[in-house]
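Encoded as structure tokens, the structure appears first; notes follow it.
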Amino acid sequence: MPQLGLLPGRAWAALLGQLLRPPRVVCLGAAHSHSQVAEAVLASQLKPRQEKSNFILKTPKEMLAEKYGEDSGLIYDLKDQGGELLSLRYDLTVPFARYMAMNKLKKMKRYHVGKVWRRESPTIAQGRYREFCQCDFDIAGDFDPMIPDAECLKIICEILTGLQLGDFLIKVNDRRILDGMFAICGVPESKFRAICSSIDKLDKISWKDVRHEMVTEKGLAPEVADRIGDYVQCHGLPGGLSLVEQMFQDPRLSQSKQALEGLGDLKLLFEYLTLFGIAEKICFDLSLARGLDYYTGVIYEAVLLQTPAPAEEEPLNVGSVAAGGRYDGLVGMFNPKGHKVPCVGLSIGVERIFSIVEQRMKTFGEKIRTTETQVFVATPQKNFLQERLKLIAELWDAGIKAELLYKNNPKLLTQLHYCENMGIPLVVIIGEQELKEGVIKLRSVATREEVAIKRENIVAEIQKRLFES
């Protein structure tokens with residue numbers, strides 16, 4: 001099986017867990033966006049696992065517009081000096097599907113981390129940005145039903161559990177159930193995707209407003225909208241198949257062959273999720289629609305149930321933090337002969353996760369450490385730059401992350417305050433007395449305790465303390 005950036009599912013939780021702290025040589029204070037930090041973190045973690053060189057998947061503008069339905073209006077169009085129409089990448093899924101088709105690949109399991117752009121009004125409190133970073137994981141290939149889909153949901157659970165963002169719930173539905181529901185409710189087939197886009201707003205606005213949009217803006221008959229409302233306001237319990245069984249027995253929905261296929265796959269999916277031990281985190285929700293046109297089967301969306309916030313602030317309402325689904329027809333749209341490659345995948349919203357983590361740290365009074373420096377080299381006296389440089393070179397050569405102030409004669413108090421502000425755990429202090437006695441003072445920033453260590457043993461002692469911490 002060809003592998004583009006292969007990453008086992010079990011590694012994802014540990015990988016994205018690194019988003020909680022900045023990577024080596026990246027400082028949050030210096031980075032212009034969360035995307036820069038996320039890219040550096042993920043790149044540093046993925047590099048040892050990569051079996052092929054990095055490359056960027058690109059897609060012509062004209063191929064993009066027809067793949068996103070109503071959301072195509074959010075594509076960031078540009079024009080260069082020659083008048084050629086260009087666009088910024090909307091997501092990572094469509095370029096991946098085109099890559100599969102153009103290279104005639106039939107199977108692939110891959111991750112992809114990259115920036116995407118949306119032409120909409122930024123709303124930080126709701127986790128909406130014009131430029132942000134996404135982490136995608138996809139499984140492409142013709143496999144037995146629901147096995148890859150269950151693995152994708154397992155990966156989402158591992159990531160969100162590993163990040164310790166609080167309790168969460170993953171809603172699942174199936175596009176075939178939605179289409180079957182629209183058909184038996186009397187929605188014209190030409191309006192399926194438009195109505196689906198309206199249903200997708202139920203997590204943001206009330207059913208009354210959604211119904212108004214469907215009737216007044218999209219020309220749906222009021223009685224048809226009411227029949228849809230009877231279904232989309234049904235929500236299953238986490239881990240339970242009761243709503244799935246209820247829909248099997250529904251006299252109208254059971255008339256749709258398409259809906260029955262979707263319900264059958266959901267029943268099988270919940271069996272696998274139970275075996276994975278994550279069924280209690282998943283619920284069947286008929287209001288889940290996912291507005292993108294390319295979904296063909298199971299769809300899912302992860303939401304946090306409660307986001308802690310300081311007393312004077314409103315909790316962030318960022319919507320979903322992960323989402324995805326099955327898109328079996330997308331690769332075929334790019335293949336000249338229409339050959340399909342079934343695919344299922346997920347996307348992690350890095351920016352939204354950062355927003356939640358930052359508010360959580362603020363709530364609990366935790367400081368965001370903006371450097372990975374382990375040791376600071378300091379001196380209490382003037383004219384000790386040469387000794388500091390010798391010492392820091394020794395630490396660097398031993399693989400210890402160390403730094404010093406770029407001043408000839410910094411004050412000791414300034415150096416110690418810098419360590420406390422930056423969260424650097426250890427300080428090594430060299431001065432006239434230490435040089436005379438052949439020792440280095442090793443100071444713990446947290447406890448302010450100091451011990452004298454022989455110069456030749458300082459590297460070993462620092463490595464020991466770092467290992468123990």
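Easy rule for this one: first residue shown is 1, then count along the chain.
Every residue, even glycine, has its Cβ placed from backbone N, Cα and C.
Per TrEMBL, these features apply:
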BINDING   D91, L92, T93, R118, Q134, D138, R290, Y294, Y295  L-histidine binding site
DOMAIN    111-380  domain 'Aminoacyl-transfer RNA synthetases class-II family profile'
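Largest Cα-to-Cα span within the L-histidine-binding set D91, L92, T93, R118, Q134, D138, R290, Y294, Y295: 21 Å. R290 (L-histidine binding site) counts 22 other C-beta atoms within 10 Å of its own C-beta, drawing on all protein chains shown. Computed over the domain 'Aminoacyl-transfer RNA synthetases class-II family profile' (111-380), the whole-number mean pLDDT of the model equals 88.
Ranking the binding-site residues T93, Q134 by the number of CB atoms within 10 A of their own CB puts T93 at the top.
Here the binding-site residues are D91, Y295, and the one with the most other Cβ atoms within 10 Å of its Cβ is Y295.
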